[in-house]
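Note sheet for the following structure.
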């Protein structure tokens, strides 16, 4: 047989083959342990010899059977060592001989083999206890072979801990055996005493009751301590390094915990403290999620602030941070993604290239779907054009879609962004309850309203309304329980219908969606006779049989009332007219009852494809506006996945040259907005680029249910220098929408991402104080800088209130800031909670999209508003308004937008100034008053103390007083020229900063050839405050200029079967060529 072939076969069996090599290692490890065990037996069987002769160190008493076993073990070990050395020989024999394991093997095995041929050496002492180090070496090799055999790698932490423990055991065992043997000529210590001495010594306790006596044992102890001081720190250092690295990477999420406990995974590219706290506060706000674990998978190292937060006991037991990538299966396996209840994938909105951020999000979503196809995905995307790549996800929130839709609805329904933000945040409704101001208490209490759901037949609120109309159930549930029923979902249909109207009859299996402070299951209402009432109601209203209208009215016990008017109505708002004059003499005005079942005879068919507002226009207006628009679907979609919306369209496409407002072309000669002569006020959008998201801004402003006479011209301003602002009509615009600049979103300091937007808005606010500015920021904390006034006392008071609410643990501490409460600013990051809340309420994204007009479902209503005028104050309360709307137009009110004047006295202002250590001049604070009030305050200021005057910050005022004193002390016979100069100087000092800005704007308008008529430099909104009351109590009093949020039924739902459908309507108006383009 060829020697090379035989050697290769042996090498394959002993080394290369993982399973056979593992068996050899295990056998070798067992041999070494057996040799150490035989040494302990020999020590225990040996009788301590008398005397202190050195011969006791070299010779021991060893019985013949024990000697035979030790010789056998030595022969096998030496043979195996020589064979493995031969198989691993690579040309350098000294490399094999000088290895420490080989030297130890020779020391422990060769003397036993020699004693076979020389019997007098059978009792020679051999340090067999050193085989423990060979056992440690065999254990390390065995673990490596085990990993190769099972194709699975244990953590490096496990290996290092195993090595450290084995090293420590070998040191202790060597010291025990060495001390015991060397003390044979001393105190004759046994193994237990040696163990006691070693533990006391290595633990640095050192009692001193057991000590070595001979110089040899003392020298051995010194050597072992030196070895321990060298070996153990190295092992501990490696262990500490691995532990720190594991802490950075997060280790693994336990498989046992994943199978016994529920967890969700949060995948982000970079984790900031604000994002983390928003997620944790919203996720754990729901009681049934308290036992869930949150596993964070992030490729970057944990931030210092995040690490500090995750060490808080409340989060350290429930939140696990893993450093890794969602694109690696190993990291997904570490997070146990296949066992997760859900996976949240968030985009980094602070990136300069938002498209690149979306691409990373898409890859993460694909990787998770590939690894765990059954794991529900909750994905946040930034650009709408990238949405179709993640269509497979269970829930998707597109940031730009929601951002532009809320900005657009803020122009139609004021503070829609605040309304949506408060609805999607989980709150207890306790914010502002400690405030002395009534509006903050009402606003804070109503902010606790959220959207909940329940099956009709299981509900205490709605079960009795089975078989009755939706508007009847909504009104009576609000009147009886204070809940606002806003929509339903049929059992056989997945679509949610917001306010399906009076024709919709409630079924027992319908899922009801309502707004309330708390869900019904947690409320205090108990309905003991629910079954009885439901049976009675079913007996009266079962199937198509209905009571006559006059019977229903008679059963209500009401006289002198109006019948339900469900005829065709204007889309601009319901007409809340008073009853006839004759009824006023008998009793106070009354409102028609809400019918249990809609009276079909009173519902008239409307031609909804023609605008009802056209009937109210004059013949001159008809000539200019009636021929311009048609209703239908937009012929082109800017991106895949946009929801088609029925809206107003032009008959013909406008040439591109006519879209430039500041440049004339061959079709028109206009160069500014004033020259166009728009009937309605403008809506100006200041954006960096005209992205696809603007589609979601324009469509709600051109929706089919908006009357033509109320359509506002939309001007897109891609750059906003003063000249361009004046040309596009900023002085007579209804709203100025400022979109956050994407190019500035990435900054060294995260919160500086909004710096450019904030300063631009502040400039607009100072130049055009009467302009309604609506903007969106990246960080909610920066909202306090909107319309910033450093010495405004009311803002300082609200700042103190915000700090107190944050200390109380409120998630909505920023809600009392006046710009946010009034709906002039919002942060799209607030809508992150919409994605988190959809884990518990899977319908929230659909309801929010319906409210914002991003989705249109046939039969579902839409969000609009109406303003309370003096003619409507006869209704008095919110409950009567609810009844009036439900009985006349079928609208469902969901809240009130109220505007009040600020109420802060001068003493309160001074108190706040002293507490905040800010020198505030009362005269400057009231500088916004008219000229008469300014003069009055100046006279009061002259009577103030000298200390107040010394602290006055305005040098101009001091100069005025100095000029007055000089004029009083001057000679009476001064000339007319000096008096004229003095008067001019005084007028210059009296001119306020606002007047200077107004003069600057007017001079610039004159330079551009624009008319200054209508520019009101003194009017601003600083003297008023606005806020939202979501689902207020029924006895809430209505006030003048209140704006009521309504969910209006879909007008097209009243079309009979014979009328043309939505898709066919555009074909009748735009011709045959566009038919195929509109079939989306």
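Just so it is clear, glycine is given a Cβ too, placed from its N, Cα and C backbone atoms.
Sequence-distant neighbours of the transmembrane segment (26-45) (same chain, 6+ residues past either end, Cβ-Cβ under 8 Å): 60, 62-63, 66, 69-70, 73-74, 76-77, 80, 108, 128-129, 131-132, 134-135, 138-139, 142, 173, 177, 180, 191. Here TrEMBL flags 26-45 (among others) as transmembrane segment.
Residues annotated as transmembrane segment in TrEMBL: 65-89 (among others). For the transmembrane segment (65-89), same-chain residues at least 6 beyond its ends with a Cβ under 8 Å from one of its own Cβ atoms are 7, 10-11, 14-15, 24, 28, 31-32, 34-35, 38, 41-42, 45, 96, 101-102, 105-106, 108-110, 112-113, 115-116, 122, 126, 128.
If one looks beyond the transmembrane segment (101-121) by at least 6 residues along the same chain, the residues whose Cβ comes under 8 Å of a Cβ in the stretch are 35, 67, 70-71, 74-75, 77-78, 81, 85, 127-128, 130-131, 133-134, 137. Taken from TrEMBL, the feature transmembrane segment covers 101-121 (among others).
For the transmembrane segment (161-179), the residues of the chain that approach it from at least six positions outside its boundaries are 36, 39, 43, 127, 129-130, 132-133, 135-136, 139-140, 143, 189, 191, 194-195, 197-199, 201-202, 212, 217, 220-221, 224, 227-228, 231-232, 235-236, 239, judged by C-beta separation under 8 angstroms. Positions annotated as transmembrane segment by TrEMBL: 161-179 (among others).
Under the heading transmembrane segment, TrEMBL lists 220-243 (among others).
Positions annotated as domain 'RCK N-terminal' by TrEMBL: 261-397.
Per TrEMBL, region 'Disordered' is recorded for 924-955 (among others).
Positions annotated as compositional bias 'Basic residues' by TrEMBL: 962-975.
What TrEMBL records for 962-981 (among others) is region 'Disordered'.
TrEMBL lists 1056-1080 (among others) with the feature region 'Disordered'.
The compositional bias 'Polar residues' annotation in TrEMBL covers 1063-1072.
Model confidence over the domain 'RCK N-terminal' (261-397) stands at 89, taken as the mean pLDDT rounded to a whole number. DSSP places the residues of the domain 'RCK N-terminal' (261-397) in helix, strand and coil in these numbers: 59 helix, 28 strand, 50 coil.
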